[in-house]
Amino acid sequence: MPGQKNTIYIKNLSEKVRHEELKKSLYAIFSQFGTILDIVVSKTVKMQGRAFIVFKEVESAVNAFKAKQGFEVFEKPMRIEYAKTDSDVILKQKRPHLEKPKKTRTPSTRDDDIPKRMKKETHRLPGGPTAEEPPNHILFLANLPDETSDLMLSMLFKQYAGFKEVRMVPNRPDIAFVEYENPLQAGTAKDALQGFKITPTNATKISFAKK
DNA sequence: AGCACA
């Protein structure tokens, strides 16, 4: 399809959120669609409330585009388009033998919180012939990065039916509890979000909370 | 109908 690109251009993002937090949140939302090569949140006035998410595969960008159109982040629905030009990372990838003509960029000044490459998470579907009722309606999250906020988590988990609330634990930024109305709904969210990353280094481990 | 790339 014409117009489809590796990079999606997002507008109508909140201008009140620090761009590092915005970036983490976008990473958390979009990493499920495939390898993210870069996220650019520019700080110039003209570019406020806009971001570019660069996927390794066009297909990932297409799925993200469809799935998250209008999805609310920090109270505002994202407006997603395809970028009109390819990102530098993509150009580099397409013509590896060519040097960039002008825009040079030193590795030391690059953001280092987006991985060079990232394995796509494969989520196993629940059930099988012997599916049984999950043991709890509360999920236990572990291996969260320090900067995780309850807002980021609720953004992700409220996408699934029956969501009630997120509870962070004082002095334990790495864990959290997420409550659903019933165990089945908790199980759906668990399977959908298993291994999601808020930062490239931390794949979240989701299990049912112990009773 | 605001398109970057410290």
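Glycine is no exception: its Cβ is also placed from the backbone N, Cα and C atoms.
Note that the coordinates shown come from a computational prediction; the quantities given were computed from them, not determined experimentally.
Taken verbatim from TrEMBL:
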- A:91-101: compositional bias 'Basic and acidic residues' (COMPBIAS)
- A:6-85: domain 'RRM' (DOMAIN)
- A:137-211: domain 'RRM' (DOMAIN)
- A:91-134: region 'Disordered' (REGION)
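With helix defined as DSSP H, G or I and strand as E or B, the domain 'RRM' (A:6-85) counts 29 helix, 23 strand, 28 coil. Model confidence over the domain 'RRM' (A:6-85) is summarised by a mean pLDDT of 95.
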